[in-house]
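Chemist: Okay, handing you the structure first.
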């Protein structure tokens, strides 16, 4: 019995324990709506506890274009429906809500709030379509915020998404509550609401009796306005022009040759010779802001509608950029960069043939594939290009014009040279495919040969001076060919009349000069060091360069001795130097110009010297023709000279003087000949220099065979041009095309934009660095160099976009340079991460949205951009709104009306701690946004609950 009784007692205790547990864990008494409120409250409490700093560390998302507005999001459920609740907040609690801040959120602008909540269903529309559901949802949020003692306003989107309609509530404390409502009229706006007077009466009707005549009653309404104007596009066909350029280039026509009736914005820009660029600035938006003022009746609103935008307190300018420059993508961009990328592709294809003619020949096995994908322009286009490359007559251009200070680091041809112009034409010839380039090159070489055979000067090529070894090899060849043509012309009988003027020289001048100096020159670094006999690498590179200043030690003597009549080709006395045997004054001869050599000729000599670097005689053998010419001229000018005299003049360091003792005192005759000897290498048995001296006759330079044979060298050059390997040609074309394109852009006028100048400097250095590999390594198909060249084309495109924008801004703001510099600086900072040169590439803005405030003295410049619209440009025949700017009505009008009441005399407020009796609260606020075609109204009302 005892055991059974204890068992009964234990069972009773278990039942009591179960009842106690069920009493504390049972939530079935709470409805689903109460649990929904509890979930909202829990989320809000968590956000309040975290604060802005901790929320930023968690999952807060920054909202563009604002830099200080963030959003956190949470999901919750109510029975079968799911909702998302979003909290919008600022990282800086000191931020004040600005009515006209373009960076503000739409709800901040409509209702003048700072931090707020938005709760919406997770559906396709994202709005609450049922009115009872919207009221229930807003009530739940209001109760949850009240339980949290939170003062955040809350909003619920309602109606259709296109209406952007909201309802909301804001608990301001224990006394006041604000209610919000916003809606949108998308069409059929009443005429009355198109004007400020009607909008004013709409606002007044929210708090005044409807039977009152608003025009005669006075209401202290606070009013502020913001009007947005947009320039009419003066280049509506820019996209058509851009597309036409692309089509023409693909069809084989250069945009350069297109003649258009209307004027392009970049007609005076340096690149307009080759293509027409799309204006990166499609227009401007001007925002005129009026400061807050008090309005008492509708008549004042009618007067405000007639005010000029120049009366606005503030002007804000916003550039409308083309999509091609508003992001980092290539898009439909047409410029040098796009064609340079095609030229790189042509280089990749150039390894498939041995000669350029193979790409045109029908026998080429791969020509079928090339013909199917490549376009060759018609003969008329080829003829036009050749006429531009080989014009009749014309002056020789200045090759340094437009040249950047570091452009010579790029081993290409100068911008104004013949080969550089050929490369630029090739970029736009056809679609810059290998077949089109091959056709143009073949015709180009034929035209060059015609100039050679007909003794016609090569255009755009200098015929004087030395070969510029800093340029590409083809440019060197063409420069040498131009010189050969001139030399060949001088040797023909048809050119004798041009040089017949030398016969008019006086007998005295002829006796002094000895010979015609038009084909001779005087070597005078100084007369004691004409040329060093030891041949080194530098010596071979500089061989033949006898460009010296006129010597001060040369004395031309008009009184000739009898023995001087045998002297020929003398340029004057070599200072105090005397001949060893005859004690006569040494004369400096006229010598022939050393033969010009291109880079490949120098390399051949250098290779020969390296192979026989220890042989002094071999070095002399390389210079045999030059040495023999100089020795013959020296003998003719000094009939009594010996080999030692020539060495003393030509190579002073190979004559070793022997110093005399201080005690020796004698006359000059006793000291002659001077004590000295030849150097060891000049004294060796069978010395090549002495052998050449013995074999050289005494002939002045005018009677010698020319060192440069123009016929032989000219034919060698033409053979090189006709048989050059395709990849070797394309490599030089790429170097020249990059340099010429950059030099063309460098001529652009863009004002004092330091960022642009820095980018151009960096571009030249980058091009030189990348293209240097083409001279260092032997390029092969599939090489990594091709990817480097394509990346270089991308870098070139970025700089080209920046330069185009800089030029457009400079032209539009000639009278307001501060604005152009400020806009470009903002865009530069926006675009820099997209160029791949900035380490901070995260969280970059997707679109350019920077605005500039216009100063008072700059308003006239901005106003002039809004030219009076023509009948074709105006999209509206009847203007429905006021506040016109040069005939332009605003594309957007935003107005804020408000009524403020003091707390003095308020029964509830007087007993509420924390509220000052002199403080004013905004009881009614209406935000109006729209045009004559649509209208959006947002109303907030404050009441005492």
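Keep in mind that glycine also has a Cβ here, set from the backbone N, Cα and C atoms.
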Chemist: What range among 634-656, 657-679, 680-702 does TrEMBL describe as region 'Disordered'?
Modeler: 657-679
Chemist: Looking at the candidate ranges 459-484, 485-510, 511-536, 537-562, report the one that TrEMBL labels region 'Disordered'.
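Modeler: It is 511-536 that TrEMBL describes as region 'Disordered'.
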Chemist: Examine the ranges 1-21, 22-42 and name the one recorded by TrEMBL as region 'Disordered'.
Modeler: 1-21
Chemist: From the ranges 234-263, 264-293, 294-323, grab the one TrEMBL calls region 'Disordered'.
Modeler: 234-263
Chemist: If you average per-residue pLDDT over the domain 'Rab3GAP catalytic subunit conserved' (564-722), what number do you get?
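Modeler: 82, rounded to a whole number.
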